[in-house]
Each structure stands twice: as C-alpha cells, then as structure tokens.
Amino acid sequence: MSYSQQVNKRRTFAIISHPDAGKTTITEKVLLYGNAIQKAGSVKGKGSQAHAKSDWMEMEKQRGISITTSVMQFPYHDCLVNLLDTPGHEDFSEDTYRTLTAVDSCLMVIDSAKGVEERTIKLMDVTRLRDTPILTFMNKLDRDIRDPMELLDEVESVLKIRCAPITWPIGCGKLFKGVYHLYKDETYLYQSGQGHTIQDVRIVKGLNNADLDRAVGEDLARQLRDELELVKGASNEFDHDLFIRGELTPVFFGTALGNFGVDHFLDGLTQWAPAPQARQADCRLVESAEEKLTGFVFKIQANMDPKHRDRVAFMRIVSGKYEKGMKLKQVRLGKEVVLSDALTFMAGDRSHAEEAYAGDIIGLHNHGTIQIGDTFTQGEDLKFTGIPNFAPELFRRIRLKDPLKQKQLLKGLVQLSEEGAVQVFRPLTNNDLIVGAVGVLQFDVVVSRLKSEYNVEAVYETVNVATARWVECSEAKKLEEFKRKNEQNLALDGGDSLTYIAPTMVNLNLTQERYPDIQFFKTREH
C-alpha cells in the first residue's frame with residue numbers, strides 16, 4: 001500500500017461529552033465493533049465485572065471515571081481508526097483540551113434525557129479554535145428522553161451548529177423500537193438485553209412497508225411517518241462541505257448500553273470524517289502528504305507500567321512515516337534521538353510499533369527530557385503551534401508530612417506538571433509550593449500519585465490565590481521594575497516562566513491597569 005493510501009485510510013477522533021452521558025460505554029462499544037475487544041466490559045466498577053478497557057489507572061478503576069487520555073487503534077471497514085479517549089469527569093479539562101488539538105474530528109455524545117450540558121458547551125468551544133468537524137450521537141434512547149426535535153433545536157441554538165439528522169428514533173424508553181435511516185430508507189429494529197455482543201439487527205426496507213407496521217405497531221409507525229414529514233421540512237440536509245468546516249453536524253440516535261446505533265455513526269465517521277489534516281507550524285503549514293516525519297507531543301502519561309517508573313510521551317504524527325530505529329530531531333533541545341522502541345496503544349496494553357503514519361499516535365519513552373508541546377522532525381527546525389497551557393482556576397499550598405523529603409516532592413511535582421496533571425508555582429519570596437489545577441479532582445490525583453509513585457506523603461492547605469497569569473514584557477527594564485515592586489505576588493511555574501499570582505480578581509485588574517506595558521496571559525504555548 002502506498003504512503004498516501006496509508007494516510008488516507010486513517011481517521012483520528014475523540015469523544016466529547018458531559019460526565020455520565022455515556023462516553024466510556026460508547027468507547028467500549030466502538031472497540032467491540034472494531035473487533036478490538038470481543039465482549040464489552042460493563043463500565044462502572046461492580047467488583048466482578050470486567051473493567052472498561054479504557055479506564056486503566058488505579059484511581060480510575062476505583063471511581064469508575066476516565067482520568068487520563070488513552071489511545072486506541074482499531075480497523076473498521078477500509079479505515080484504520082484512532083480513538084483518543086478524553087477524561088469524562090467534569091474536573092479534567094486541561095488534559096481534555098489538549099487532546100482535542102491532536103484529532104481531526106470529534107464525536108459529541110449527548111444524554112437524550114438531559115440535552116446539552118455545561119461541560120459539552122466548554123469542550124465545543126475548544127473544538128471551535130480549530131473548526132473541528134463534529135458528529136453527534138444522541139444516547140440513552142432505551143430510557144425516557146426529551147422530544148428529539150427539541151434536542152436538535154437545543155444543539156443548534158446553544159452550540160451554534162446546524163443539525164442534520166441521519167437516523168430518527170422510533171419510540172423511547174420501554175417503547176424504543178429502533179431507528180429509521182433517512183438516507184438509506186431503512187428501519188433498524190432494536191432488541192433489548194443485547195449490549196455485550198454484536199447482534200444481527202433486523203432491517204425493514206422502505207418507510208411504507210407493511211412489515212414496519214407489524215414490527216413496531218401501527219401507532220408508532222404512523223407517528224414515525226408524521227415526524228419524518230416534519231423533520232424533512234424543518235431540519236437541514238447533510239452537507240459534507242459544511243460538516244468539514246465545523247458548521248453542521250450529522251446526528252445519530254441510539255443506546256450505547258444496548259449496543260444499538262453505534263455502528264451507524266462509525267459508518268458516518270469512516271465515510272465523511274477527514275483523513276489526517278495539515279497542521280500549522282511557526283514557519284509554515286505542514287501537509288500530511290509530506291513524506292518526512294514530523295510530530296508533536298500533546299500529552300505525557302506517567303507510569304503506564306506500574307512495574308517501571310516510566311513515562312510515555314504521546315506524539316501525534318503530522319506527516320511522514322515512523323519506522324523502528326529512525327533518528328529524529330527534538331527541536332526544543334536541538335538534539336538527535338533514536339526511536340527504537342515507540343509504542344502503539346490499546347489502552348494500557350502496549351505493543352512496540354514497527355511503523356506508523358500521519359494521523360497515528362505513538363508513545364515515546366521519556367526519562368524526563370520530553371515536554372508537552374515538543375516537536376520532533378527529521379532535521380527541520382519547526383515548532384507546531386496551538387498546544388496551550390490554561391491558567392488554573394483552583395490553588396492549594398502543598399505541605400510535606402516528612403520535611404526531609406523536599407527533594408522527592410519537588411521532583412514529583414515537576415514531573416507531574418510536565419505531564420500536564422497539575423501546574424506548580426514557586427513564589428519568588430518564600431519556599432512554598434503552590435499547586436494549580438483546573439478541577440478539584442486533580443488535587444486528589446496528585447496526592448495519590450505522589451504517594452504511590454514517589455513515596456511522598458503530602459497534604460494541602462488553603463492559599464490566598466484567586467487566579468494566575470503568565471507575564472511578559474518586551475522591555476527588560478520595565479519588567480525588572482515590575483518584578484521589584486510586585487515580588488510578593490510573583491512565582492515561577494514548572495517551566496520557569498514568570499507568573500503573577502493574584503489574591504483576588506480585583507487585585508489582578510488593578511495591577512493590569514497600573515502596568516499597561518506588561519502583558520498578562522490566560523494561556524501559554526507549551
């Protein structure tokens with residue numbers, strides 16, 4: 001198979017949703033269809049049942065939430081699909097945001113009983129930064145749901161994206177009978193209690209087929225025909241150009257738990273979603289068709305293998321082909337590295353990659369030298385842009401139970417901050433260590449990982465910090481004066497960048513007014 005054929009058959013996507021909309025279940029079922037797992041594990045930790053394949057970190061198993069972004073690759077039809085699993089818990093936004101920089105399309109999962117929820121809105125804002133194409137799955141049809149037309153209206157008005165229904169539900173809850181495919185003129189009939197394996201679904205061809213009335217009952221069949229009249233008049237037709245531009249989303253209905261409808265959106269994904277896209281670097285646009293390898297690191301994961309204290313850097317290949325043993329340049333350090341043992345993933349199971357192509361995600365072993373945002377090339381000096389650090393919204397001071405372990409604590413915190421689990425700030429005027437996060441759960445994760453991985457017991461104390469901003473100034477003299485006068489509110493972050501830590505928002509606003517020449521940033525490029 002030629003290089004361009006290999007690249008064109010790849011689809012790299014992530015699933016975005018509000019917590020508990022059913023994302024982990026959908027991930028399971030997607031892998032089942034891709035033959036990656038033969039029987040889907042029921043997701044919440046119910047002791048004896050199989051754990052979901054993508055939730056492999058210890059704390060995730062205990063809580064039944066996906067904390068870290070796993071990568072899973074599987075074949076489907078003629079495509080090779082890379083699914084990046086993003087943390088579903090409302091606290092884990094920074095990791096999730098960054099993962100969205102490494103995909104070419106997204107599946108938005110909505111709980112049909114609840115509609116559009118707050119976290120979905122935030123994540124959609126991030127996909128807008130790059131106009132990522134979105135597919136939508138209306139989940140939980142086996143429960144009582146809101147009116148489907150109302151759900152489409154809400155997506156359009158709240159998320160500012162047009163909806164084009166591809167399938168339409170017949171009944172819901174205990175009366176859920178299946179879905180009708182608007183473009184194939186076929187009805188797929190649902191049977192309950194078959195969520196763990198792939199079933200042969202009965203198909204009725206034609207909307208006016210008498211078999212349909214017999215299968216779902218005359219009342220529901222009549223209701224379906226009436227609703228479809230309305231849908232065809234009131235909703236958008238699918239338009240591929242608008243989809244690619246991120247302005248229109250194809251909508252599928254189903255139940256992930258009942259394993260129904262998942263294959264419909266997978267068909268849509270492989271048929272319509274873009275193959276690996278070009279990507280902007282600081283000096284030029286890098287096309288996926290280029291044969292020289294380039295890639296960027298969007299995530300670092302500690303200890304995927306508890307037996308070894310290793311860290312793995314996840315790299316999205318933008319162009320070219322990875323081959324075992326090849327030499328690459330790590331642009332930030334200007335040094336050459338030999339990649340002899342890159343990994344491919346099936347969440348938590350690692351296999352050594354012999355080759356990988358643009359669109360794929362590979363894992364690089366990292367002994368502390370790779371950071372988020374690092375670019376690797378075959379010699380060219382370029383840096384991919386758009387991999388952000390977000391200013392934390394929550395802060396705690398961290399204190400050791402055993403003061404003699406200061407060195408291990410610092411090492412652990414720096415490593416965890418490079419990995420993006422948390423941000424660390426060291427005030428200029430004292431020896432405090434302040435930890436910043438986007439969500440409360442990150443604090444728990446850090447303490448539990450410090451204990452299990454670095455053998456350090458730490459506790460948190462409240463600290464008088466409301467927000468943080470990275471500061472820069474083009475004139476060194478003015479920056480020095482600013483530092484001298486505001487020393488008590490300045491800190492260095494994990495990457496030694498100067499940061500203003502404000503006790504209140506009022507303080508921040510006043511400081512910004514007082515120093516118009518100093519720039520205050522909410523995000524920082526890695």
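Cβ atoms here come from the backbone N, Cα and C positions, even for glycine.
Copied from Swiss-Prot, the annotated features are:
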| type | residues | note |
| --- | --- | --- |
| DOMAIN | 8-277 | domain 'tr-type G' |
| BINDING | 17-24, 85-89, 139-142 | GTP binding site |
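Other Cβ atoms within 10 Å of the Cβ of THR86 (GTP binding site), summed over all protein chains shown, number 26.
Under DSSP, SER17 (GTP binding site) is assigned to a strand (E or B) in the three-state scheme. On the 0 to 100 pLDDT scale, the domain 'tr-type G' (8-277) averages 85 in this prediction. When secondary structure is read from DSSP and collapsed to three states, LYS23 (GTP binding site) falls in the helix class. Cβ contacts within 10 Å of ASP20 (GTP binding site), excluding its own Cβ and spanning all protein chains shown: 17.
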